[in-house]
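Input: a single structure, listed below in structure tokens.
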């Protein structure tokens with residue numbers, strides 16, 4: 001019964017997201033019937049209820065991709081005619097989402113359904129978080145982020161693992177190590193007066209850029225700590241089923257932690273660097289010095305990766321101590 005409810009919940013969530021996205025799209029959809037290329041512009045003939053429309057624009061691969069006959073595009077009516085908004089990709093995107101959900105359900109069954117539900121729930125929490133901070137100017141960001149991190153952790157852990165001792169140990173370990181890593185980072189940044197951090201890319205924000213950066217550090221660290229905490233706790237509980245001693249359980253957990261520590265730290269580093277790769281190549285191609293470019297565009301990303309790695313390192317001993325304590329005391333949660 002629980003398995004069916006989880007799958008039904010995933011389907012309802014997907015359909016609701018699809019309908020919501022459709023309701024938000026107010027642009028007119030048109031199909032290209034002719035493309036005429038010139039030296040500087042392209043004229044696109046579209047057909048919408050037998051009404052031909054001609055659109056002129058400068059083609060560019062990044063912002064104005066080359067179009068072809070039969071392709072569907074989005075148009076917006078303005079005073080002087082029609083304005084090109086972009087290529088209609090909703091069908092392709094939703095097809096990929098449904099295929100991804102189907103693959104997760106086929107491989108994970110109930111666990112997969114729970115994973116999709118937690119993913120959808122976290123997206124809703126994120127939406128509420130961003131809207132709340134945007135609309136309510138008096139809400140302090142960092143306390144709000146602390147609360148959202150607690151919601152992320154509880155929602156993910158409870159949906160994936162249920163209400164049991166293993167879940168609550170992972171929750172406490174995740175939040176403890178995340179907040180500890182954040183506290184250490186905040187202290188270092190305060191003592192060094194943010195030396196070495198370049199906030200130029202955040203200069204157009206209308207809110208305090210340092211506070212927003214600290215909030216991003218907190219959320220980024222949480223994701224890495226959550227994964228490591230559950231991995232170590234699960235390994236130690238599996239070892240406990242083999243009737244191993246407390247010392248042997250600690251050894252198992254420590255070995256698992258050491259195995260995932262390096263890979264997770266590299267995952268964080270590569271994920272953060274990849275987002276800055278285009279701008280790095282642009283600056284280097286235009287003659288900027290390598291270290292100047294790195295400092296300008298990667299100082300914040302590298303800081304996020306380092307803080308996340310610190311959270312991973314702290315999560316392992318915190319999880320080992322908590323699991324060992326609760327197991328020895330046989331605390332019932």
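Placement of Cβ uses the backbone N, Cα and C atoms for every residue, glycine included.
The model shown is predicted, which means the values in this text are computed figures rather than measured ones.
Segment annotation: TrEMBL labels transmembrane segment over residues 139-160 (candidates 51-72, 139-160). Ranking 92-108, 167-192, 304-327 by CB pairs under 8 A with the transmembrane segment (260-284) puts 304-327 at the top. Highlighted: of the candidate stretches 92-108, 167-192, 304-327, 304-327 has the greatest count of Cβ pairs under 8 Å to the transmembrane segment (212-239).
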